[in-house]
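K.L.:
Quick one: this structure, given as structure tokens, is what I'll be asking you about.
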Amino acid sequence: MYVVSTKQMLNNAQRGGYAVPAFNIHNLETMQVVVETAASMHAPVIIAGTPGTFTHAGTENLMALVSAMAKQYHHPLAIHLDHHTKFDDIAQKVRSGVRSVMIDASHLPFAQNISRVKEVVDFCHRFDVSVEAELGQLGGQEDDVQVNEADAFYTNPAQAREFAEATGIDSLAVAIGTAHGMYASAPALDFSRLENIRQWVNLPLVLHGASGLSTKDIQQTIKLGICKINVATELKNAFSQALKNYLTEHPEATDPRDYLQSAKSAMRDVVSKVIADCGCEGRA
């Protein structure tokens with residue numbers, strides 16, 4: 001009962017006018033901070049992992065950790081495959097118990113994107129697994145995938161409806177001006193495009209590349225239909241910078257149980273702020 005699909009989470013968010021944050025985890029400490037903070041704020045959250053994260057930690061290990069922590073805190077959690085591209089990889093993880101998948105075929109031409117996504121949807125829905133897909137493509141780097149800004153393109157609102165109907169997806173990730181990674185300057189988000197997409201598509205919408213966005217921008221996207229906010233780089237940066245600072249100030253430190261506390265504290269600040277920005281505190 002504790003490891004759940006994201007479908008009900010996102011449908012609840014759509015009805016309630018808030019968003020559910022999906023935090024990309026990279027190690028045990030990241031997961032601890034996300035779950036502990038979410039439980040203390042009674043907020044729904046999604047534990048997301050790229051293919052690199054699942055390779056690093058092991059699918060069975062991640063599933064066991066999420067299940068154990070959900071039970072420990074009596075807090076339902078979803079574990080989500082972020083930016084997965086290979087059908088066989090997705091199928092193996094679904095059979096291991098994952099109940100939320102993002103199939104990313106956004107780099108393919110429109111018809112091929114539909115075909116690849118529909119194959120995954122048809123398989124996943126047999127296991128009551130929710131499926132997210134992306135139309136349009138964000139710039140920046142996610143895991144081992146690098147997309148140059150010149151190759152990034154925005155979601156076409158009319159195509160979005162055709163894509164959603166043809167694939168049977170449960171949520172749609174849109175490209176409206178965000179990018180993976182942190183921003184050198186504030187991005188100019190295309191809110192009118194997002195509003196048009198919302199008019200064409202009634203599915204929960206997903207925003208990738210939210211690290212570093214202002215509270216105002218995040219909350220405006222939620223008003224216009226975003227139900228899931230993805231955060232990865234902001235957590236990594238908080239962790240690594242706090243750790244570097246601590247070890248610079250305490251070069252004699254050798255015990256990870258001590259020096260990782262500063263990194264956890266920095267991530268806790270990020271997680272609590274994102275939950276507040278999403279308006280999901282008290283919604284679990």
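Cβ atoms are placed via backbone N, Cα and C, with glycine included.
Sharing the feature lines straight out of Swiss-Prot:
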type     : residues                                                       : note
ACT_SITE : ASP82                                                          : active site, proton donor
BINDING  : HIS83, HIS180, HIS208                                          : Zn(2+) binding site
BINDING  : GLY181, GLY209, ALA210, SER211, ASN230, VAL231, ALA232, THR233 : dihydroxyacetone phosphate binding site
K.L.:
If you measure from the C-alpha of VAL231 (dihydroxyacetone phosphate binding site), which of the recorded positions ASP82, HIS83, HIS208 fall inside 10 Å?
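P.N.:
So far as Cα distances go, the recorded positions lying within 10 Å of VAL231 (dihydroxyacetone phosphate binding site) are HIS208.
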K.L.:
Measuring Cα to Cα, how many angstrom lie between HIS83 (Zn(2+) binding site) and ASN230 (dihydroxyacetone phosphate binding site)?
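P.N.:
A Cα-Cα distance of 11 Å.
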K.L.:
Taking HIS83, HIS208 as the binding-site residues to compare, which has the smallest set of other Cβ atoms within 10 Å?
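P.N.:
Taking HIS83, HIS208 as the binding-site residues, the minimal 10 Å Cβ count falls on HIS83.
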K.L.:
How many other Cβ atoms are found within 10 Å of the Cβ atom of THR233 (dihydroxyacetone phosphate binding site), counting all protein chains shown?
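P.N.:
Excluding its own Cβ, THR233 (dihydroxyacetone phosphate binding site) sees 21 Cβ atoms within 10 Å.
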K.L.:
Sort THR233 (dihydroxyacetone phosphate binding site) into helix, strand or coil using the DSSP assignment.
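P.N.:
DSSP assigns THR233 (dihydroxyacetone phosphate binding site) to helix.
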K.L.:
Rounded to the nearest Å, what's the C-alpha distance separating GLY209 (dihydroxyacetone phosphate binding site) and ASP82 (active site, proton donor)? Just drop the number here, would you?
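P.N.:
Answer for this pair: 12 Å between alpha carbons.
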K.L.:
Looking only at DSSP and grouping its letters into three states, which state does HIS208 (Zn(2+) binding site) belong to?
P.N.:
coil
K.L.:
Give me the CA-CA distance between HIS208 (Zn(2+) binding site) and ASN230 (dihydroxyacetone phosphate binding site), in Å, as a whole number.
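P.N.:
Roughly 5 Å, rounded to the nearest whole number.
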K.L.:
Around GLY209 (dihydroxyacetone phosphate binding site), how many other CB atoms lie within 10 A of its CB?
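P.N.:
So the Cβ neighbour count for GLY209 (dihydroxyacetone phosphate binding site) comes to 26.
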K.L.:
Rounded to the nearest Å, what's the C-alpha distance separating ASN230 (dihydroxyacetone phosphate binding site) and ASP82 (active site, proton donor)? Just drop the number here, would you?
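P.N.:
Approximately 9 Å lies between the Cα of ASN230 (dihydroxyacetone phosphate binding site) and that of ASP82 (active site, proton donor).
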